[in-house]
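Taken from TrEMBL as is:
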- His270: active site, proton acceptor (ACT_SITE)
- Tyr33, Tyr139, Arg174, His270, Arg273: glyoxylate binding site (BINDING)
- 86-88, Ser115, Gln137, Thr165, Lys246, Ser268, 301-305, 324-325: FMN binding site (BINDING)
- 7-372: domain 'FMN hydroxy acid dehydrogenase' (DOMAIN)
Amino acid sequence: MGEERMSSNVGFRSPEEWERLAKERLEQGPFEYIQSGSGAEETLEANLAGLRNWKIVPRVLRDVSTLDVQSTIIGVQSNLPVALAPVGFQTIIHPEGELAAARAAAAKGIPYTVSTVSSYSMEQIAEVMGKGARFFQLYWPNDDEIALSFVKRAEKSGYSAILITVDTPLLGLREQDKQNQYFPLKNGHGLGNYESDPVFRTKANLETKEKSEVISEVASRLFNPTLTWEKVRWLRTQTKLPIVIKGIVHPDDARLAVENGIDGVVVSNHGGRQLDGSISSMDALEDMVKAVKGDIPIIFDGGIRRGVDIVKALALGADSVLIGRLYAYALIDGQVGVEKAITQLKDEFQTALALTGETKLIDLKKTMLLKR
């Protein structure tokens with residue numbers, strides 16, 4: 001028995017161990033870019049505390065021998081109610097970056113979300129995923145023609161949904177990055193989708209530009225402080241793909257998403273990396289659920305580290321969750337590392353689900369939670 005237990009744990013690493021390993025192997029700038037939040041990091045900590053503050057009240061003497069953790073996320077099947085969140089610049093962690101993470105997601109049967117600032121193009125990532133489910137995250141640039149070009153490319157490359165990040169009209173104040181004088185784009189990471197985009201290449205006259213000039217051209221277009229619901233409605237007329245709004249925590253914005261024909265929302269504060277002092281994702285979730293009234297799915301993002309966190313988010317009304325830093329740290333070991341992290345998360349989630357006394361996702365309810 002002892003040998004079997006030891007064998008089953010070969011390669012096991014807790015979320016804390018993955019983070020420690022990444023810290024050991026990466027230089028300070030790249031590691032703290034992933035690990036840190038904005039300002040005093042109040043919201044970063046609040047995301048974790050928000051999950052900790054909810055306690056599970058389990059039921060017993062129930063048959064939990066057969067579990068069903070299959071899920072549908074924005075219309076695609078998933079082996080877990082989990083998708084990999086958009087994390088940009090992944091080549092700062094591992095040379096294969098997004099290619100390795102995407103292959104891992106496909107191998108484990110969960111969706112992968114490609115960031116606008118991925119270091120490989122959306123087409124390259126789609127190719128290594130085969131039939132694996134994938135979403136494209138859009139940082140809407142300050143040029144609508146480039147934004148539309150990204151979306152059309154995603155359509156052609158087999159992406160199943162567009163996630164528009166709306167909490168980043170400009171970049172949050174990230175003190176660690178300022179102290180380190182580090183931003184991945186300046187070092188040439190995250191250019192995959194821009195450098196391969198025909199509209200951007202023409203507008204920026206890329207053929208005549210040095211690398212430093214290309215980086216400046218991308219940086220000058222990356223964010224759009226003028227983005228409004230009007231633009232989102234326009235995009236709705238330009239694509240048949242589901243559109244999901246990522247980065248809202250106010251119930252009024254959730255209601256507006258429903259009114260504007262949006263296909264889903266991601267409750268998120270950008271992992272505590274944008275407005276410091278904003279509400280935690282878990283504290284926002286309940287009111288968001290009430291606001292959408294079941295009309296569109298809710299994806300939870302912010303602080304998910306372990307399987308029990310997924311149980312809590314789903315019990316409070318989320319339909320699925322995103323994980324970000326967890327797999328980003330595991331990417332230090334490439335595709336194998338990300339696969340290990342997903343496998344461990346699945347094991348934790350199944351164990352937590354059974355010990356809660358439930359066997360199906362639909363049975364997770366707020367009545368099994370107590371806030372402390």
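Sequential numbering from 1, following the chain as shown.
Yeah, the Cβs are placed from backbone N, Cα and C, and that goes for glycine too.
As the structure is a computational prediction, the values presented were derived from the model and not from experiment.
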What is the number of other Cβ atoms found within 10 Å of the Cβ of Gly303 (FMN binding site)?
29
Specify the count of other C-beta atoms within 10 Å of the C-beta of Arg305 (FMN binding site).
20
Neighbour count (Cβ, 10 Å) for Arg273 (glyoxylate binding site):
24
His270 (active site, proton acceptor) and Gly303 (FMN binding site), distance between Cα atoms, whole Å:
10
Length of the line joining the Cα atoms of Tyr33 (glyoxylate binding site) and Gly88 (FMN binding site), in Å:
11
Between His270 (active site, proton acceptor) and Asp301 (FMN binding site): CA-CA distance (Å):
8
Give me the Cα-Cα distance between Lys246 (FMN binding site) and His270 (active site, proton acceptor), rounded to a whole Å.
9
Quick one: pull the CA-CA distance for His270 (active site, proton acceptor) versus Pro86 (FMN binding site), whole Å only.
10
Cβ neighbours of Arg325 (FMN binding site) where a neighbour is any other Cβ within 10 Å:
20
